[in-house]
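Worksheet: the structure to be examined is printed underneath.
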Amino acid sequence: MGSGAAMTAFSEAGDWLVDKAARDMGLQTTCVGGNAHNLTLDSATSSFGSNLKSPSLWSITMLDSTVHKILEHYVGLDLSKPSAITVDLPLVRSPTPVVLAIIGYIVVVLLWSSHIKRAGLKPRLQDPVWLQTLVIVHNCFLCFLSFYMGWGIITEARHHRYSFWGNAGNDGHVKMGSYIYIFYVSKLYEFMDTIVMLLRRNLRQITFLHLYHHASISFIWWIISYLFPTGDAYFSAALNSWIHVVMYLYYLLAATIAKDEKRRRKYLFWGKYLTMFQMLQFVSFIGQGIHGLFYPSTYPKNMPRMLFLYSLSLLLFFSNFFISKYIRPSPKLQSKPLKSE
């Protein structure tokens, strides 16, 4: 199958999933002049979401209560008004699944890394065929998925005539909410980045920044999917998706070139510039947060402050990485962009 046919099939499959999610949720809108004026939520809700609402799975647990208390009393978010678009989709109604996934991710990484160190295992000089295949499939999948999400989000933003910033949430924008939901779930799948590094015994790449980013970004996007999966949420999801298209393409090329240093220098010289673009996206997110502080009515309560502080933390961490690698490089660091954001 040619690359064009593969992209078409991938896009059509993704569109079918988005449309099916919207239909299953029973969300219907009546639009006049591009603005949604009516929204109904069927009592049946989602075909899969209805099953997930059983008390055994979605009851308010002690962990739910703790997470809600932290977000409401210390972060200042109001969790009493979840989005009708996403609240009944898997991994959204309760924070417990994503919190447990994050805890499990950190525990597995720490234990696996400790085992590699205790056993004295060195990074693989040559990956076995199965691992090479896994790396290529993983990066190829995320490259295509990122393209699909980036294209879909921008298309929906244009359809609803979004401005650059300042777009209020709208539960009538069902398809946009579905794309944001897929983006959130993709952040959980990206834990696989670290698993690949562990399989390759490449502990050098598993830095504090790598773990901080992967663990925190999935929870940040749970909050956004729960409260605000439309409106200005489009901006960071679209920009990050397009950067990920380039980033995972870079790692796909790196996987095919393997350890041929001459070819790596020839074809992967642009890793430095990719890291710079990653940093520029954080600057834009900080700008969006500042804009939200001046126009708070567009966002859920205190979300602009959260966006500002979180993006600032990532910019500081990435800046430190950039300085230590490209301005005052360490012999241990190789010429790769940071595989994180």
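Here the Cβ of each residue, glycine as well, is placed from N, Cα and C on the backbone.
Now, the feature entries from TrEMBL:
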{"type": "TRANSMEM", "residues": "98-117", "note": "transmembrane segment"}
{"type": "TRANSMEM", "residues": "129-154", "note": "transmembrane segment"}
{"type": "TRANSMEM", "residues": "179-199", "note": "transmembrane segment"}
{"type": "TRANSMEM", "residues": "211-228", "note": "transmembrane segment"}
{"type": "TRANSMEM", "residues": "234-253", "note": "transmembrane segment"}
{"type": "TRANSMEM", "residues": "273-295", "note": "transmembrane segment"}
{"type": "TRANSMEM", "residues": "307-327", "note": "transmembrane segment"}
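Under 8 Å from some Cβ of the transmembrane segment (98-117) lie the Cβ atoms of residues 63, 67, 91, 188, 191, 194, 198, 201, 203, 206, 211, 214-215, 218-219, 222, all in the same chain and six or more residues away from its ends.
Proximity of distant same-chain residues to the transmembrane segment (211-228), defined by a Cβ-Cβ separation under 8 Å and at least 6 residues beyond the stretch ends, is recorded for 71, 77, 79, 81-83, 86-87, 89, 91-93, 95, 98-99, 101-102, 105-106, 109, 169, 180-181, 183-184, 187-188, 190-191, 193-194, 299-300, 303, 306, 310, 314, 317, 340-341.
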